[in-house]
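A.B. asks: One structure, pasted below without further comment.
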């Protein structure tokens, strides 16, 4: 306690005409004032000054950026974490790609009042960000993408955001259908309702158009089935039954291995013009959807058709330690192009659907599980290697006994699939391998100048290598793919290790920096190695809304019941379908 006789104020009296404005007098006067303050007063002043310094340092980046706006752009750093590099456009390009100095979006007032304080975390930029902010950043990204689609490509398959136009593939509104369940999960009800109205009044499958069986199944049939389960609206089930029935002629082949293309108006099907082969991934990655359609409609023909495919592939010769070739002939029903094995394009989702069908069916179909486990042993034996200098575990390719250290970005589905299997009771070492491969997939982003992964990388295996990955000129594009974010979601959901969220946050920010188009939408880019001009491709794939942004949102959500992995299994286009009750 202070002495009651001590005065808690300072009285100063100035006399004479001395030069009291001199620096020396001011120093003495200030020191005298300071000495006359009580210890409590001095401590309070020192604490206040220290607090202001800490707050000033913490808020300096965001405050200065707020006042500077976009007038003053820093030159991109060629070294250091790619996520910290800012982007400059080359003069004269006319590009509409939007520069994002600070991609953290303010939380919307409409979402207030949830009663819980958001957990605050510090991201890799040293800025405090709540999980709520991250979720809102994903919603903002979706709204921005949807704005471009709505204004320039409404009802069409794909947005071309740079040219403010659209591209057609099947003429069935692919982006809109792919995004239906994403809007529901992100709680974007206004956008969902306008899309539902289009489905109800404009979507017709009675068209003289050839569609790809695989792409139509995973995007359209899968999207409609998922939206039906999430909303309970029979409109989506009716549309799913319509497209599912129209795709069935694809299975009218001598071998019962389906053709790749179907005319949904004429009811005819055929292989591509240049070959009688179908890709193994395509014919073995339609099962989840057709099996579910049979369960819902009680019409067994859908499931019977796709089950025959799996039974045939199960028995085929030409595998190596459970690994399958990339092509299968629709006439003979035999593998072709023997001796080439990859977990990338044309084979990837075969392995994914082995596990997921087993999960979907209540873990009863032992042949599926056996094929999956055998294939993983084949991966470990033939395709799994380490890079130099950082010993990253990666999955390469095998061609007639020759190993290639080539890895597609598509292979980054594997960490998530491994983790999902471990969650459902498969060996614990599957989770350890998942973590190792997850680090590799993240490094495919982090070691690029834009912080975005290329489509394909080649890993260095020679001692003395300077960096782990090389990227050929033709492979430097980024298509806004979801596989790495998908696996980050699974790894975080099962381990709760916050680094997976932080990695995802880095990737989202880099999508905003290098692919966001100011007038609406996001674009794929040609060159992830050039942060000054990544060369926009003018195309936003439907899976950016259907998969990538959905997995970002689920990664940042703290609600384990938001699409519970004990109740749902995702198809390869990120459309959740229910795990069947054990009685079925």
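Every residue gets a Cβ built from N, Cα and C, even glycine.
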A.B. asks: Check each of the ranges 21-66, 67-112 against TrEMBL and return the one annotated as region 'Disordered'.
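C.D. replies: Within the set 21-66, 67-112, TrEMBL attaches region 'Disordered' to 67-112.
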A.B. asks: If one measures from the C-alpha of residue 441 (disulfide bond) to the C-alpha of residue 483 (active site), what distance in angstrom results, rounded to a whole number?
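C.D. replies: Approximately 9 Å lies between the Cα of residue 441 (disulfide bond) and that of residue 483 (active site).
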A.B. asks: Near residue 483 (active site), which residues of its own chain have a C-beta under 8 A away, given they sit six or more steps off in sequence?
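C.D. replies: Correct list: 409, 410, 411, 412, 413, 416, 441.
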